[in-house]
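Annotation source Swiss-Prot lists 5-methyltetrahydropteroyltri-L-glutamate binding site at R19, E20, L21, K22, K119, R502, C503, W548, E592. According to Swiss-Prot, the feature L-methionine binding site maps to I418, G419, S420, E471, D586, an assignment based on sequence analysis. If you look up Swiss-Prot, you'll see I418, G419, S420, E471, D586 marked as L-homocysteine binding site, on the strength of sequence analysis. Annotation source Swiss-Prot lists Zn(2+) binding site at H628, C630, E652, C713, citing sequence analysis. Residues annotated as active site, proton donor in Swiss-Prot, with sequence analysis given as evidence: H681.
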Amino acid sequence: MTSNFSSTVAGLPRIGAKRELKFALEGYWNGSIEGRELAQTARQLVNTASDSLSGLDSVPFAGRSYYDAMLDTAAILGVLPERFDDIADHENDGLPLWIDRYFGAARGTETLPAQAMTKWFDTNYHYLVPELSADTRFVLDASALIEDLRCQQVRGVNARPVLVGPLTFLSLARTTDGSNPLDHLPALFEVYERLIKSFDTEWVQIDEPALVTDVAPEVLEQVRAGYTTLAKRDGVFVNTYFGSGDQALNTLAGIGLGAIGVDLVTHGVTELAAWKGEELLVAGIVDGRNIWRTDLCAALASLKRLAARGPIAVSTSCSLLHVPYTLEAENIEPEVRDWLAFGSEKITEVKLLADALAGNIDAAAFDAASAAIASRRTSPRTAPITQELPGRSRGSFDTRVTLQEKSLELPALPTTTIGSFPQTPSIRSARARLRKESITLEQYEEAMREEIDLVIAKQEELGLDVLVHGEPERNDMVQYFSELLDGFLSTANGWVQSYGSRCVRPPVLFGNVSRPAPMTVKWFQYAQSLTQKHVKGMLTGPVTILAWSFVRDDQPLATTADQVALALRDEINDLIEAGAKIIQVDEPAIRELLPLRDVDKPAYLQWSVDSFRLATAGAPDDVQIHTHMCYSEFNEVISSVIALDADVTTIEAARSDMQVLAALKSSGFELGVGPGVWDIHSPRVPSAQEVDGLLEAALQSVDPRQLWVNPDCGLKTRGWPEVEASLKVLVESAKQAREKIGATI
């Protein structure tokens, strides 16, 4: 019989407070460090993570993860993609034998494409999409995780292994033969029965965030049956997050599980009627996704009501993977700093609440939290704003097309890029020197102009039709704007993992948003002065700015989005006055904020479309508005993409084998569209045959008069040799396709 715990967190970040894993991975990939050093760095990081929870009585432990938990699970289950089977086992240097196949699946090789990558539920974290088929057979190998777990036990850590659950793993998988991944659910539960028995631990945590989504009743029956079998092992803890736990409790309560975890933040503390107190309720009352301080008094009151019904433990609403490590090194103005809690502060909040629930209240800490909550509520910087909004509509698309054809005079199948070009060491060095004040702002801006000179010249040499300035001045497509808008702040060390070795530093949107001055106009003007071709003005859209920031939670997202949209509308007007004929307003994140339950989706889609249109509707009809979208499974949102009313929509498509085309075709999409023909996330130059094939597939689904030719995403993370070689292939493919269709615009 297991003993209950009283305090924990749902999970921990893996990248390191100083991004140690990022730098070790990049060193291993470029050959500057050996595998043993990478393995040692990863071990040090998991030890440090476990030690950070020394005040809690149960520690989640996912082992040394080198890229992504879903990819870790695929490796444990023996279902890394078959195309990487010929990669030999790794030498015994502390890394798993399968690590080179694992990295091949994550990043691709010179000849093999990587697995698809998309967003983890409605977050800004990315996972690698498992590839299965009807013939998939699971071959269990948890030896690396078991070894890591034993190391923690030797260190005296009360660790519990954390696994991605069978339902979630299969719900997020894709098949290569059109079969249903969930057909494997009974077989996978049998594998998990063996897997959890292999752990010599009191508790085993199995994460099932898929249980907060819409799940078919017959699948829920299979899930209940599967977990009834797993519950024969003591100490099985099924954790859910990113939504209400009611469906999970309706499915799993009373079947003999040791614990069930629920998110009490995303939709608040719901009734949880199915919980009768038979199992430990792990109450996710501290927000694991956002960075606002917890109202400890309100949280304690909710916990006490639950504790009257049965045993509970205090936890975070989800893994702390999604928030920065600590406020400790941040130089943030005191008023706003008091409103915030990063990872280590949230761990402290969990401990404070657990102690208070046990009768040991830290009155000073609770008083400080209450004062911070009151300060935020009454600050003039967060006061509601009432204003009349301008219109959200432009002229008809037919009218706009006619005017834009005359204004732009582009060829059929026009070629362009998404916006950014390589952020070279010299660019990063100039930015770092500016931060350290070792160069002046004037010297920095001259270095950026020199980079724009290079980018424009190379694009003209390659023969691209519509150019970009390359965005050398932008550290990040959201952070750049947040640093120029009132109502935001930037952190110095607020890094979170986006995927693999890529980390981002989300800005904090803490108050009312406004634009004190133009943000991009001078860079556009300089770039346009260098060429006779059209240069796109480049902006990030309101939904993406919200999605990739930590956003205030004290007013509706729709209200905050409209504030950002109005600032962008002013910027668009200034770009047009400066001569811009094409303006791109990127919304790569528009799908990732889509609610997980169908009932909640219409309201989100309405306000997200409204905010984009509020930003862009001031543009004259002869100005072409572009937008760009990433990681987008378009079947669910295609009607909203149409409703955005952008003249051209470029879409990440190459990595998913042009799956977006079916949605475009079935919807009768009549606007301009550019499904990406080069997967920029894999470090390889696409072959002419590969790009030709993707472009041919696009032409079979899209009218040539609508079609643009472009990469999947921006080129910021790629190197110049790869970029030039790949764009050369892309431009040549477009030229040959033009000859075949014999069309001009």
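Glycine too: its Cβ is placed from the backbone N, Cα and C atoms.
Annotated features taken from Swiss-Prot, shown on the structure.
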{"residue": "L21", "record": "5-methyltetrahydropteroyltri-L-glutamate binding site", "CB count, 10 Å": "26"}
{"residue": "G419", "record": "L-methionine binding site", "CB count, 10 Å": "24"}
{"residue": "S420", "record": "L-methionine binding site", "CB count, 10 Å": "23"}
{"residue": "E471", "record": "L-methionine binding site", "CB count, 10 Å": "25"}
{"residue": "C503", "record": "5-methyltetrahydropteroyltri-L-glutamate binding site", "CB count, 10 Å": "17"}
{"residue": "E592", "record": "5-methyltetrahydropteroyltri-L-glutamate binding site", "CB count, 10 Å": "22"}
{"residue": "H628", "record": "Zn(2+) binding site", "CB count, 10 Å": "30"}
{"residue": "C630", "record": "Zn(2+) binding site", "CB count, 10 Å": "26"}
{"residue": "E652", "record": "Zn(2+) binding site", "CB count, 10 Å": "24"}
{"residue": "C713", "record": "Zn(2+) binding site", "CB count, 10 Å": "28"}
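Minimal Cβ crowding within 10 Å, among the recorded positions R19, K119, H681, is found at R19. Within 10 Å of the Cα of G419 (L-methionine binding site), not one of the recorded positions from the list R19, L21, K119, C503, H681 places its own Cα. Cβ environment of D586 (L-methionine binding site): I418, G419, M477, M538, L539, T540, G541, T544, T627, H628 lie under 8 Å away, each six or more residues apart in the same chain. The separation of C630 (Zn(2+) binding site) from E592 (5-methyltetrahydropteroyltri-L-glutamate binding site), Cα to Cα, is 9 Å. Among the binding-site residues L21, E471, C503, C630, C713, the ones whose Cα is located within 10 Å of the Cα of H681 (active site, proton donor) are C713. Within 10 Å of the Cβ of I418 (L-methionine binding site) there are 26 other Cβ atoms, across all protein chains. S420 (L-methionine binding site) falls within a strand when secondary structure is assigned with DSSP.
Take the mean position of the Cβ atoms of I418, G419, S420, E471, D586, the recorded L-methionine site; other residues of that chain with a Cβ within 8 Å of it are T417, V468, M477, M538, Q584, H628, C713, G714, K716. Among the binding-site residues S420, E471, C630, not one has a Cα within 10 Å of the Cα of C503 (5-methyltetrahydropteroyltri-L-glutamate binding site). Per Cα geometry, K119 is the residue among the binding-site residues R19, L21, K119, S420, E471 nearest to C630 (Zn(2+) binding site).
It is 27 Å from the Cα atom of E652 (Zn(2+) binding site) to that of L21 (5-methyltetrahydropteroyltri-L-glutamate binding site). Here K119 (5-methyltetrahydropteroyltri-L-glutamate binding site) is compared against the binding-site residues S420, E471, C713, and the shortest C-alpha distance is to C713. Annotation: no binding-site residues among R19, L21, E471 have CA atoms within 10 angstroms of the CA of C713 (Zn(2+) binding site). Look at H681 (active site, proton donor): DSSP puts it in coil.
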